[in-house]
Amino acid sequence: MLPQKQGEEAIVSSFNETDQQEGVVGREEEVEDHSFSVKNFLWHGGSVWDAWFSCASNQVAQVLLTLPYSFSQLGMLSGILLQVFYGILGSWTAYLISVLYVEYRSRKEKENVNFKNHVIQWFEVLDGLLGPYWKALGLAFNCTFLLFGSVIQLIACASNIYYINDNLDKRTWTYIFGACCATTVFIPSFHNYRIWSFLGLGMTTYTAWYLTIASIVHGQAENVTHTGPKKLVLYFTGATNILYTFGGHAVTVEIMHAMWKPQKFKYIYLMATLYVFTLTIPSATAVYWAFGDELLNHSNAFSLLPKNGWRDGAVILMLIHQFITFGFACTPLYFVWEKVIGMHDTRSICLRALARLPVVIPIWFLAIIFPFFGPINSAVGALLVSFTVYIIPSAAHMLTYRKASARKNAAEKPPFFMPSWTAMYIFNAFIVIWVLVVGFGFGGWASMTNFIRQIDTFGLFAKCYQCKPPPVMAAAPPPHALHH
């Protein structure tokens, strides 16, 4: 990647004149230089491939380990069909977000607004296109979702490392990994995740195929049963976890803004989802085939596979990847916080890192309160992802282009596979109604019922969620028995 191309391209100027302004917080303007730089190669990303790696890596994090649990709640057929269904819906709404970003950016650039040293975020797109009420709605849902998305990564870290070293309980591991993940405050923006995104996707690819192959080699457990959906509450809990799986694009706008040519993002999320299918469907299917209903009480797939070097390797790689995903989820929160306290245009990485630290503290605390790995995914999916990722983008697109003049002057016309504005409206309306009723309604009821059951069973601040009880020590003989 040549440094002179590291400036973002202005969207307005016929989509072809390069704007050499960075538009990225905390970075100096690049000097035109044709020499190869290792720093640029590893640190400064903004290509289509960088965006693809970021989307795929962020989408397929710890959910790999909970999807077999969801299959045990849904049954094999429903599990596969819902993955495909929500994968398509998620790709469509990511496309809508990219269209709205381009529309917002093009309107602002026509007004000569300069985005140098400012990262555009989703709530700002909503504000610019639909007004302050939509800004508040987007800010509330997006920030809350990203907050709990970060919480889930911390919980997953503690859950996974426990299967390598159970000398410490999961709560203690949460303390340790909270401190480790706090180091993400030093990563300025999504430009700087190039090498991490690449490594992260490699790690999850290894883990997915480890789960698949290890389950097949293990074979079916003795007396395994596959009863499938037995209760509505379990069915909708599992369905909502899959909705959550393919709703990882709360950071879409930030990833787009980190691209040199953001208008090329349109189909990147779909391409990422197609790759993710090759990881999630085989692994979840194989683990469920091997262990069946036993997964209902084991939300982490690692817990049922035999301990060996291959499993330990997968655990370690997932831990590193969860650190990366924590950074993905937290970085937009860092940006929001910087804007609130007036530090967003600060050049010093150290000053910005110091300013960002307060964001990590509530995440750490919530991970200790709600350590329910698995059930918390479904709750977040139903209550937050349903709005953040599916309902709000679909409704926002419908309202942005409700007038004929807006459709006529749209920066992005309807896609080639759906060239009619009417068809787009119908599909968007279907998504809003479906996700509102099935995802938020039934999914919210089921996931919260299950979540409350976990609280009743294990309590808040559970020291070691779903850990095996310690072996009962044999009772010592009574003192008089020792004197025969």
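Keep in mind that glycine also has a Cβ here, set from the backbone N, Cα and C atoms.
Checking Asn16, Asn223 against Swiss-Prot for the annotation N-linked glycosylation site singles out Asn223.
Relative to the membrane, Phe302 and Trp337 are annotated in Swiss-Prot as lying on opposing sides. Per Swiss-Prot, the residue from the list Asn142, Asn297 bearing the note N-linked glycosylation site is Asn297.
Secondary structure at Asn297 (N-linked glycosylation site), taken from DSSP and collapsed to helix, strand or coil, is helix.
Within 10 Å of its Cβ, the residue among the glycosylation sites Asn223, Asn297 with the fewest other Cβ atoms is Asn223. In this chain, the transmembrane segment (267-287) lies apart from the transmembrane segment (173-193): fewer than three C-beta pairs between them fall below 8 angstroms, excluding pairs fewer than 6 positions apart. On a Cα basis, Asn223 (N-linked glycosylation site) lies 16 Å away from Asn297 (N-linked glycosylation site). According to DSSP, the topological domain 'Cytoplasmic' (400-425) comprises 11 helix, 0 strand, 15 coil. Looking at 60-77, 173-193, 197-217, 315-335, 426-446, the range that has the most CB pairs within less than 8 A of the transmembrane segment (136-156) turns out to be 315-335. Within the same chain, the transmembrane segment (315-335) packs against the transmembrane segment (173-193): three or more Cβ pairs sit under 8 Å, each pair at least 6 residues apart.
Over the topological domain 'Cytoplasmic' (336-356) the predicted model carries a mean pLDDT of 85.
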